[in-house]
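To start, the structure itself, in structure tokens.
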Amino acid sequence: MSPWRPAWPRPAPLLFLGALLFALPGPLPAWPAMAQAPVAPPPAPSAAPSAAPPRRPPAVAQLLPPPPPAPPGQPAAARPPLVAELSQAQVAITTGFSGTEVLVFGATERLLGAGGDEVLVIAQGPAQPMVVRRKIRVLGLWLNGASARFWRVPGYYFLTGTRPLAEMLSREERATKRIGLGALPLEAAGNQSQEFREALLELKQDAGLWHEEGTMHIAGARLFRASLPLPATVPTGDYLVQVLLVRDGRVVARQELSFRVGRAGTAARIADVAKVQPVVYGLLCILLAALAGWLGSVLFRRG
Amino acid sequence: MQVYLPIAEMSVDALLLLGIGFGVGWLSGLFGVGGGFLLTPLLILIGIPAPVAVASGANQTLGASVSGLIAQWRRGNVDPRMGGVLLAGGFLGSGLGVLLFAWLRRLGQVDLAVSVFYVVILGSVGGLMVRESVRAILRRRRQGGPARLHAHLWMHGLPFKLRFRKSRLYISVIPPLLVGFGIGVLSAMMGVGGGFMLVPAMIYLLGMPTAVVIGTSLFQVVFVAANVTLLQAVQTGSVDIVLTLLLLVGGVAGAQFGASMGSRLRGEETRALLGLLVLGVALSLLWGLVVTPESEFAVGPMPL
């Protein structure tokens, strides 16, 4: 269970302190959020295509209110045009977490590919307030100068499609539906210069937290699959995954899925105590550090 | 082997942290200082956010100094009265330092402030140490003859005199209070125990005998570091216990090797080497401030 297993020959003190390190958190509690069911859409009564191995009953994609209303005589499509599912509803950040992947997969009613239907997958992490600062040189030293504050910056953004985004949707469609990194609604306070926005985009992409990628995997012209890479620095919170069905350059159907990234086990406990009871946590840190030092002194004397 | 640090919210190679702890512990055993001044910059260098590095550095210093303090106390090398006076100043200083730290964090200048503090303090302390020890080595080469214990300065005319029996001193409480206060501010700002500044200050400013200096400075360092840990945990919430314990595990082992090696070196040589090390850290941090950054922009979380 414990990922912490040193591989080098270690003297007794290390073993002892190592044991102390893992004795601290106690039994791993069930992560509280696990108990609540994830946002699972109600089971679909209609027979959905059982192409993807569904762990939960797959959800029916809601048809977007289509810009031209459907002809009155024609009933709504019996078969959903799009079904999608996630490989997991939670990502647990444990003490050994070093990044992971969440799989988005699904199927379409019509054939996928050029000329046919196309699929876009957009995943967004919880919004965080961020500050972008420009470094300036004063007396030969680099320091933080003017800044722009962005109140709602997605901590994670991932977009992929069956074709590159620019080929699937026109610029206007992307702008009105706010699809793609270029169309992210980032309202800034402070310095309004476009440079700060661009710097934010660039730095987030460098950190591996924002991606806009090429093509996803298609099988049999009906099944699609995309993996969302979550790096070790991924922020915790609720993630929203939108799967969009694109037909003739328009978004015609959409399904929303969600998963949650949370700390689990030891990491969760430590972070909770530190946040909820900082005084207790501070005292605990002092005690533990002193205890480790004292143990060291005991072992010194013997040695 | 990656370990997720719950407060820093990132995962780091556990072996790297153990290695850093070991190396710093080795040096601190060798030179008889806490090693916080090396640890915090190293942590910042491997990508730990400055607030977490500073707060956890203070916590690590506490652990690393406890074993030394116990050993010194047993040998009767601690002057509790002098330690208490230094501590009173240290508590006030570290309280102010943590407030200052939180204020700089809101301004977005905390990384700069930490670096500048390091460059200025380490640069001057390192320079003084090298100069003093080179002089001592040269003096010894020429001929023996110890210098005076301490000179009588203007500060010996200050009021509120107190007798410090263990230190064989009868001086005003104002200089030790001020020394403690200054070190307290710096330890909160820099995440160091302040041993490397306190020891020279006690020898040269207060004129304490060398025998009780190490023990008494450890006494002050342990309590100030505990205070800083608590204040940082409450004020900025940036003490990472996983980080601290990993560093301590490496540090305790490293100190063992360092201490046995240190006993084979002469005092002046040790001080000269330590001075060079301190200067080296200062120069590398200065380089970081002066060199053109890769990106013109930096992005960070909105401070509270």
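Even glycines carry a Cβ here, placed using N, Cα and C.
On a predicted model such as this, the values are computed, not experimentally measured, just so you know.
Listed in TrEMBL:
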TRANSMEM  B:12-38  transmembrane segment
TRANSMEM  B:83-104  transmembrane segment
TRANSMEM  B:110-130  transmembrane segment
TRANSMEM  B:169-190  transmembrane segment
TRANSMEM  B:202-226  transmembrane segment
TRANSMEM  B:238-259  transmembrane segment
TRANSMEM  B:271-292  transmembrane segment
Would you kindly list the residues that approach the transmembrane segment (B:12-38) from elsewhere in its chain, counting only those six or more residues past its ends and only Cβ-Cβ distances under 8 Å? 1-3, 5, 46-48, 57-58, 60-61, 64-65, 68, 118, 122, 187, 190-196, 199, 214, 221, 225, 243, 246-262, 265, 270, 273-274, 277-278, 281
Long-range CB partners for the transmembrane segment (B:202-226) (under 8 A, at least six residues beyond its ends), listed in sequence order, are 32, 34, 58-59, 61-62, 65-66, 68-69, 72-73, 75, 77-80, 82-83, 86-87, 90-91, 93-94, 149-151, 155, 166-169, 171, 175-176, 179-180, 183-184, 187, 193-195
Positions whose Cβ lies under 8 angstroms from the transmembrane segment (B:83-104), at least six residues beyond its ends: 51, 54, 110, 113, 162, 173, 176-189, 198, 216, 219-220, 223-224, 227-228, 231-232, 235-236
